[in-house]
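Annotated in TrEMBL:
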DOMAIN    17-149  domain 'MARVEL'
DOMAIN    154-290  domain 'MARVEL'
TRANSMEM  20-41  transmembrane segment
TRANSMEM  53-71  transmembrane segment
TRANSMEM  91-112  transmembrane segment
TRANSMEM  124-143  transmembrane segment
TRANSMEM  185-212  transmembrane segment
TRANSMEM  224-244  transmembrane segment
TRANSMEM  264-284  transmembrane segment
Amino acid sequence: VGELAGTMAMATVNLRAVTSWVGITRLFAIMLSCITFSLVASTRDFMGPYGTWCMFTWCFCFAVTLLVLVLELLELYPKLPLSWDDFTSAFSVLAALMVFTTSVVFPSTFISGPCSSSKCARQAVATTISCLCFLAYALEVGLTRAKPGDISSFLSSVPGLLKVFEAYVACLIFSLLDTYSLEAGLQWCVAVYSICFIVTLLIIIFTIGRCLTYMPYPLEKMLVGYNALALAMYITATVLWPLYSFRGGSRPDSCGRNCWWDKHLGVTFLTILNLIAYLVDLVYSTKMVFIRGP
């Protein structure tokens, strides 16, 4: 208790944390996410896996952004055993992706038909504010992105931002892999998604935890090799997944809302999206290592 009191006593107030453009953007994100989950909670209609995910997203982004703002306001973040710039950059990208996904999933799941009731109106307003919250986090990503030649924070550079994007897209793929046959081609695709996700996640964690300096090999060249390997693996998954998933023909007429065919189509689209992300990542990483001057 004494140490905590001493730490709080030594804490200084940094008003730039709330008066800078990044700070103002975070204040808007906090306010918008709070309004969104409050409106949805007032409707009492957010049950099921999709509703739970949406509420978790808004509450999680609100809580973490508030924590970031408080730690920067009191200048307590230097005491944490992590790379603060990498952490805030990774979180802003993750929050933008999560809120964007939620802004699409929530109205498509809970708003149907003509919107005439009071509950539907609140759901529509919550969707609109959620979209504004996404724009706030996207603006924060743009404000904190590393400028050309700035290598102080890896996760704020284009390859670092793409690492968070690749990991998140892999998580979306996993959420759609509830039903698939145990054919060798599909099992290989799942292995590709899993291996690339684990390695990418470890890169993010090691970067935030300042552990990459202990690597026995140069980080930049290692990332180029990994991106090339991940790209090659995703090329095979892009070919094999639709080849094995849609051999039965077109979408069955008896498929309902949670149709397996739709989920497999979603996995196909997300696989192509991650393939493009790893391609861009490889191009940027190669440019940083072999083209940039000393």
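Using the three backbone atoms N, Cα and C, a Cβ is placed for every residue, glycine included.
Caution: TrEMBL annotation is automatic and unverified by curators.
Panel annotation: around the transmembrane segment (124-143), residues 21-22, 25-26, 28-29, 32-33, 35-36, 39-40, 58, 61, 89, 92-93, 95-96, 99-100, 102-103, 106-107, 111, 115, 161 of the same chain, lying at least six beyond its termini, place a Cβ under 8 Å from a Cβ of the stretch. Distant neighbours of the transmembrane segment (185-212): 81-83, 86-87, 90, 154-155, 160, 163-164, 166-167, 170-171, 173-174, 177, 219, 223, 226, 230, 233-234, 236-237, 240-241, 243-245, 271, 274, 278; these residues of the same chain sit at least 6 beyond its ends, with a Cβ under 8 Å from one of its Cβ atoms.
Across the domain 'MARVEL' (154-290), DSSP classifies residues as 107 helix, 0 strand, 30 coil.
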